[in-house]
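A.B. asks: Here it is, the structure in full.
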């Protein structure tokens, strides 16, 4: 009798724990995963952006959108518009940085961890905190 009551109690505790975990973590695969990450990252960016702007300026800007000016192009001297090449013959970006190949090598670890997180979210589930870490 005591064994069956203990087993029933243990089963109910395990069921409660699994329900709590399912609320904390969500299984997301494919497009659901991508949409959720975009939603989480975009909403946090908009919040941070709006927190940094005074309210009077928010009302003033409305729906206007301006592109940042990365580099001015010269119509008079088209040679200035070409990318810079150093003595070794390798392209350099505007800020003196190496092309995307070097950037990919440096970001390889973070890309792998993002792929691991995507796999984990699909198989076991992940929390919204885990997903917001990608932003």
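Cβ coordinates come from backbone N, Cα and C, glycine included.
For reference, Swiss-Prot lists these features for the protein:
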SIGNAL    1-22  signal peptide
DISULFID  121-126  disulfide bond
A.B. asks: If you draw a 10 Å sphere around the Cβ of residue 121 (disulfide bond), how many other Cβ atoms fall inside it, taking every protein chain shown into account?
C.D. replies: 22
A.B. asks: Could you tally the C-beta atoms, other than its own, that fall within 10 angstroms of the C-beta of residue 126 (disulfide bond)?
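C.D. replies: 21, counting other Cβ atoms within 10 Å of residue 126 (disulfide bond).
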